[in-house]
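Contents: one structure, followed by commentary.
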Amino acid sequence: MSERKLFTSESVSEGHPDKIADQISDAILDAILAEDPEAHVAAETCVYTGSVHVFGEISTTAYIDINRVVRDTIAEIGYTEAEYGFSAESVGVHPSLVEQSGDIAQGVNEALESREGDTDDLSHIGAGDQGLMFGFAINETPELMPLPISLSHQLVRRLAELRKSGEISYLRPDAKSQVTVEYDEHDKPVRVDTVVISTQHDPEATNDQIRQDVIEKVIKDVIPADYLDDDTKFFINPTGRFVIGGPQGDSGLTGRKIIVDTYGGYSRHGGGAFSGKDATKVDRSASYAARYIAKNLVAAGLATKAEVQLAYAIGVAQPVSVRVDTFGTSTVPEAVLEAAVRQVFDLRPAGIIQMLDLKRPIYKQTAAYGHMGRTDIDLPWERLNKVDALVEAVKTVL
């Protein structure tokens, strides 16, 4: 009897309370970067019934209308009706932002290496905090992501498309998905075992109608038929009713969906959130760099699965460690891959910012449906432009 393994990941829609908070934080970041690419931003958001609080630390020459940014973001998500208990024009907006701590700024603005005489411009910026970050890639999908999180994201994106187009008129913005994939003894995905979808809806919609529409127009549209069989289980709004949702149902906070944002639990996570942070915060930029490295390693055929860990000390430019784990799938020793990575990628914060062009207002679009593996938008850390360089670097190391 072959060994049966199950793995589950989840995603949430743009109308989920925590994702509303993420999108507001990143909309503020983008608005600031559009005027001041050198700004340092750490913007946190809390949302609940009828109210939005924005707080954190910002150092910038830009002036932005935070009230307008917040309301526009909420409207774009779809909270435009007072009956939702949270709407763009009636919500209270309460900003409380201060300047970044001078103690932190001195280490970011002039790294330890620069203070000790290193004249390289890319050694000038120090890491905005200590910490460890992970990036991951696997050959389960064309975008080199784990299948469970890839399908979970696609399901809630499809729900949003049907809601915004009006094709399913009773849908409201809040939704969640969860997909359980069965793997064979070789760790290859063979079928989808369980799909869970909870979607907010108008009170008039019936459970039978919701179930039929979600299965036919969402699940079967997203999940390839080869993965579905008579034993696949569908749980559609299993509580029986989901009218009260969004911030009226639960409060939301920036940074509470870090597993949804990355690999759905399939890879390790360093614990740092992304949204609302400029690229001097290595929680964000180094996580993107680690994904960039891992994806190019797998695309180069150097491994079928790769996890990259980077770690930093606050105020220091060079990473304190670089680790590559291929789980026994690499074609060369992992020490060789680590040496090649150090040759090809400049992993100082300024090097990452330059390599991935991270001073641009590109972040709001990442704040829902995943920061990694996106095929609907062009993100620099998803590009496969280091494949040849990695292959050549491996040859020189060997």
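Using the three backbone atoms N, Cα and C, a Cβ is placed for every residue, glycine included.
Pulled from Swiss-Prot:
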- H16, D174, A175, K176, R241, F242, D250, R256, K257, A273, K277: ATP binding site (BINDING)
- D18: Mg(2+) binding site (BINDING)
- E44: K(+) binding site (BINDING)
- E57, Q100, D250, K281: L-methionine binding site (BINDING)
- 100-110: region 'Flexible loop' (REGION)
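A map of Swiss-Prot features onto the structure.
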residue: H16; record: ATP binding site; Cβ contacts under 8 Å, 6 or more apart: D174, A175, K176, G246, G252, K257
residue: E44; record: K(+) binding site; Cβ contacts under 8 Å, 6 or more apart: A21, S25, V54, F55, G56, L253, T254, G255, G276
residue: Q100; record: L-methionine binding site; Cβ contacts under 8 Å, 6 or more apart: H40, A42, E57, I58, S59
residue: R241; record: ATP binding site; Cβ contacts under 8 Å, 6 or more apart: N207
residue: D250; record: ATP binding site; Cβ contacts under 8 Å, 6 or more apart: P17
residue: K277; record: ATP binding site; Cβ contacts under 8 Å, 6 or more apart: L29, V41, A42, A43, G128, D283, R284
residue: K281; record: L-methionine binding site; Cβ contacts under 8 Å, 6 or more apart: A42, G128, D129, G272
Please give the average pLDDT for the region 'Flexible loop' (100-110) in this predicted model.
67
Would you identify which of the binding-site residues D18, E57 has the most other C-beta atoms lying within 10 angstroms of its C-beta?
D18
Least buried by Cβ count (within 10 Å) of the binding-site residues A175, K257:
K257
Assigned conformation of D250 (ATP binding site) - DSSP reduced to three states:
coil
